[in-house]
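Participant: Not my notes, these are from Swiss-Prot:
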type	residues	note
BINDING	Asp8, Asp10, Asp212	Mg(2+) binding site
ACT_SITE	Asp8	active site, nucleophile
Amino acid sequence: MARLAAFDMDGTLLMPDHHLGEKTLSTLARLRERDITLTFATGRHALEMQHILGALSLDAYLITGNGTRVHSLEGELLHRDDLPADVAELVLYQQWDTRASMHIFNDDGWFTGKEIPALLQAFVYSGFRYQIIDVKKMPLGRVTKICFCGGHDDLTRLQIQLYEALGERAHLCFSATDCLEVLPVGCNKGAALTVLTQHLGLSLRDCMAFGDAMNDREMLGSVGSGFIMGNAMPQLRAELPHLPVIGHCRNQAVSHYLTHWLDYPHLPYSPE
């Protein structure tokens, strides 16, 4: 029996309209009744996730910013990882050949250089939003991550440019087909979950995890039971071909699997 369940949010626990379904909320409550520790592991900001947990009265640990922050049930900061100032400076000031928009994150929030209303659709659940600033004036020592949002082909070309400029000084990953992230070296959800399990006196073998994108790769590959969403990025399936694939987030597939796991643990599971 797993003792901790870690969930990605977008494309996994959240439905396509960016809400948590009633079946999902009910299943999370059942897990807590079984004393299974809940952990939300997401690229979203800690401020937003703390608001969501409060609104839903959920007790859960938080891995946010794709592993840049880990918070306890009480909101205590357990782990932090920031981009080196020289890396942040290079990414912010360099002229990249891309049409993608740039977004900067620190403990105070989400910052970008211009209004992009379409991006706010993903935050209807919480009301979290960006702040408009001159990105050249961002404090370089406080940046947790930088991400670029745009078309996938454009971002793939940008990824090559970033690799050439940064080398091994940053970790690059796609958190969605339309979002490329620049993170501290060694920073990912799997590394953050390792920190959390050590804090809790657990091992990664005691954990199950669910995800759909390349920013979930390390987490899914390191836990005792990793599950890939039916709507996952093809690259993730290719990287972890041995992991089982469940259903689509639009059908609350995580809840569907966990209900079977709780009620019929000894029977084989089918996502249909």
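Every residue, even glycine, has its Cβ placed from backbone N, Cα and C.
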Participant: Three states by DSSP: which one describes Asp10 (Mg(2+) binding site)?
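Facilitator: DSSP assigns Asp10 (Mg(2+) binding site) to helix.
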Participant: Starting from each candidate's C-beta and looking 10 angstroms out, tell me which of the binding-site residues Asp8, Asp10, Asp212 has the most other C-beta atoms.
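Facilitator: Of the binding-site residues Asp8, Asp10, Asp212, the most buried by Cβ count within 10 Å is Asp8.
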Participant: Residues near the Mg(2+) site, Asp8, Asp10, Asp212 excluded, by Cβ within 8 Å of the Cβ center?
Facilitator: Met9, Gly11, Thr12, Leu13, Leu14, Thr42, Ala176, Gly211, Ala213, Asp216, Met229, Cys249
Participant: According to DSSP, does Asp212 (Mg(2+) binding site) fall in a helix, a strand, or coil?
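Facilitator: In the DSSP reduction, Asp212 (Mg(2+) binding site) maps to coil.
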